[in-house]
Each structure stands twice: as structure tokens, then as C-alpha cells.
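> Relevant sequence annotations retrieved from TrEMBL are reproduced here:
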- 71-97: transmembrane segment (TRANSMEM)
- 109-133: transmembrane segment (TRANSMEM)
- 169-192: transmembrane segment (TRANSMEM)
- 212-232: transmembrane segment (TRANSMEM)
- 289-317: transmembrane segment (TRANSMEM)
- 323-346: transmembrane segment (TRANSMEM)
- 395-417: transmembrane segment (TRANSMEM)
Amino acid sequence: MESVIPNTVEDQQPDETLSINKERFDGQLNINYIKNVKNAFDRNARTMHGTMYLFNGFRFLGVYMPEKNRVLYLLWSFLINSTVTVYLPVAFILSFVQISGEDLEIGNLLTSAQVAINVVGCSVKIILMAFLLPKLLSTEKFLNRLDERCKTAEELASINKFTKQGNRFVVLFAVAYWSYSTSTCISAVAFGRLPYNIYNPFFDYHQSSGHFILSVLMEMTLLNIACFQQVVDDSYAVIYVNILRTHVDLLLKRIKRLGLTVSMSHEDTYEELKLCIIDHKNIIEIYNIVSSIISITIFVQFTITATILGTTLINILLFATNFASIVASCFYVLAVVVEIFPLCYYTQYLMDESNLLAEVVFHSNWMEQNLPYQRMLIFFMQRSQRVMEFTAGKLFPITLNSFLSIAKFSFSLYTFIKEMDIKERFGLN
């Protein structure tokens, strides 16, 4: 397997007796490590169990093909994606073109605009995920290898803790997004308006109460499915970053235990070091796959989040004319923040934890080990110096600082527009 960092370090001249040949090093790792560990699958501890809700969501949305009933699934996929992924963004755009004079209120227009921007971005992301999903699923073989290494009660407990946490992320995202859509629907219907004024060629809500109710139901059905698209689009990144965090934490604990078990001989400790290096290789393989996928989808999200936050803040503080509209917009701000904050938070944690790896390797009990062990440990230290950093579009890092920068930009945009006295010019005082 190709090394993940350079094989030499600049400004470092090791003794020839400690120099390590890369081919020899990789060859030493070709060991049958399965016989050295107990299989964790027999104890129902699998990392992929924490992605069950996520991939069930992808399947519901028509982008994760099952092995059976493919024809029926294709029909279902066409129905979902033609109405939500294609029709809904187009309907939002057409609604701005055909809006009537009596419905032309800046507050209502901004409410629809802030959702329209997100709906278009959501459609782009779900289309991207349809193509990237096979690549994401390719991480399973590496996760299975890491799961096989979990043999102690503490390690199995960590895996089981993640499985609950991973599925819980999907639920929490869904609650946050559907809270917004529900609050918007209630506030709009209470004042006799459509929630989003989406272009609807099937029902004229001015014609009768029945058409109004059908129009509301149609809008909310489409929007709730779009919200669920957003749920899986945003939760997959958080889930896989936490998968990496879980296995990095387990690796750190294994490295700390190296050489501390009295009953283990030098040869056994040497074999355990090889297993830790293989664990690190598998983690890096997962990181390389996941980071390339997240880079694409989160770039789309970052490009629209600042605009959405600015539009929503302007709507709340300048044009919202009733309490219900303000509450609905506040829920929307919460939903937009939830889209990016958890990922920024957990990637920051992963960076900090992966940065500890080389330090933990150095502080392990290597002084009492034999020369082959020390040689391999030096090479492992070099490999472990790579920090697991995520970027959006390979342009800027996904960290808490990036999140704060987006928030600052949004408030700067609000301040700029407020100083233009738009509210006074439109006579909204």
C-alpha cells in the first residue's frame, strides 16, 4: 500500500543502522492479523450499524438501489426525484416570476427566497450524493477490518456507543429541519396564506377553501421530503467524521498500551505494533475517501449558507410583520446553523485528536523494546504526523473558525443593508 506521507523528513539525518527501507517495512506488515484477534462481529459490534438510519434514508429518497425489486424501486426513485429534486426548485423559481400584485409583500418574498436558495442547493447535493454514494460505501471493507480489532469490553463499548450516536444524528437533524417546515406552515395557514407560494399548476388556492387546503398539503409534502433530503445530505458527513474519531481514539488507546503488558514478549509487542500500523493505514484509507466526498458537498453548502443567513436576518429584523413569521424565520436560522455547525465542530475535534497520534507514539514504552521494534516505531511516527484536515472544495478548511467567518459575513451583510435605510425607503416603519 502506498505510503500516506513522505518516506523521509527534511533536516533529519538518522543513523544508517536505524534507516528503514519502505518496501521492507510494508512487507513486514503483510501478516495474517485476523488470527491474533477475536472477531468482534460475533458480539454484534459493527461500526456500520451506526449508519443504518442514514442509508435507509438514502434508499427512501431513491438514490440507493436495493438488490431486489429494482424495477419497482426505479419507479419510486423517478416519482420522488421528478417531483422533489426537479419540480420543486423549478416551481420556486417560477413562483417569483408569476407572483401577483396582491401577494407581493417583501416579507413573504424573502421567506420564499430563503427557502428557494436552500431547495436548489439541496437538489444539487442529492444529485451529487447519488453519484458519490458507491464511493462512500467502499469504506465498509476498511471499517470491517477495524471492527475485527475490537476485542476488549472497552473497545466494544466504544463501537456500540457510536452506533447509537450515529443513528441519533439523523433523528436530531430531522427534528431540527421539520420543526422549521411545521412552524412555517402553521404561521402561514393561520393568516390565510400559503407557506411558500410555490408555483402550482394543479390547484388555484384563490378558487376555494378545498383548493387552498390541497395546495398547502402539496407544498408541505414536497417541502418535508426536501427537508429529509437535507437531513441525509448533512448528517452523512457528521456521521463519518465521528466514525473516524471513534477509531482514532481506539488506536490512541492501543498505542498507549504498547509495551505495558508484562505477560507479552518483545515479539508479541512487535506484532501488536504492526497491527496498530495496519489500523492507522485503514483509518487513513477511510479518511481519504470521506474527505474527498465531503469536500464537494460541503462546498455547495458553504456557498449558500452565508447568503441564506443574511437573507433570513434581513427578513426577521426588517420585513417580518407578525410574530408568527418571526418565529418561523428563527426556526429557519436554527436549521441553517445546524447544517454546518456540527460538521465544523466535529472536524475540529478530529484534527486535534489526530494531531496527538505522533506524540502518543513517541511517549509509548519503546525504550525497553528491541531494535526492530524501535526502527518500525520511527517510521510509524513519520506516517502519523499527517493531520486529518477537511476542506470545502479544497479551498478553505472546515473548522470552527470557518463557521465563525460565515456567521460574521452574514451579520456584516445585515449591517450593510440596514445602513442603506431600506426599511425607511419602503415605508415599513
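Glycine is no exception: its Cβ is also placed from the backbone N, Cα and C atoms.
I would like each feature placed in context: is it buried or exposed, what are its neighbours, and how far apart are things?
If you look at the transmembrane segment (212-232), the same-chain residues 6 or more away from its ends with a CB under 8 A from one of its CBs are 54, 57-58, 60-61, 80, 83-85, 87-88, 115, 118-119, 122-123, 125-126, 129, 170, 173-174, 177-178, 180-181, 185, 188-189, 194-196, 198, 200, 202-203, 205, 339.
For the transmembrane segment (289-317), the list of distant contacts is 107, 110-111, 113-114, 117-118, 120-121, 124-125, 128-129, 132, 135-136, 138-139, 233-234, 237, 240-241, 244, 325-326, 329-330, 332-333, 336-337, 339-340, 343, 388, 390-395, 398, 402, 406-407, 409-411, 413-414, 417-418: same-chain residues at least six beyond its ends, Cβ to Cβ under 8 Å.
Non-local neighbours of the transmembrane segment (323-346) in the same chain are 107, 111, 114-115, 118, 169, 173, 176-177, 179-180, 183-184, 186-188, 190-191, 230, 234, 237-238, 241-242, 245, 294, 298, 301-302, 305, 308-309, 312-313, 315-316, 398-400, 402-403, 406; each lies 6+ residues outside the stretch with a CB under 8 Å from one of its CB atoms.
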> Is the transmembrane segment (71-97) packed against any residues at least 6 beyond its ends, judged by a Cβ distance under 8 Å, and which are they?
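Long-range Cβ neighbours of the transmembrane segment (71-97): 60-63, 65, 109, 112-113, 115-116, 119-120, 123, 126-127, 196-200, 222-223, 225-226, 229.
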> Please give the sequence-distant neighbours of the transmembrane segment (395-417): residues at least 6 beyond its ends with Cβ less than 8 Å from one of its Cβ atoms.
294, 298-299, 302, 305-306, 309-310, 313-314, 317-318, 340-341, 343-345, 347-348, 351, 389
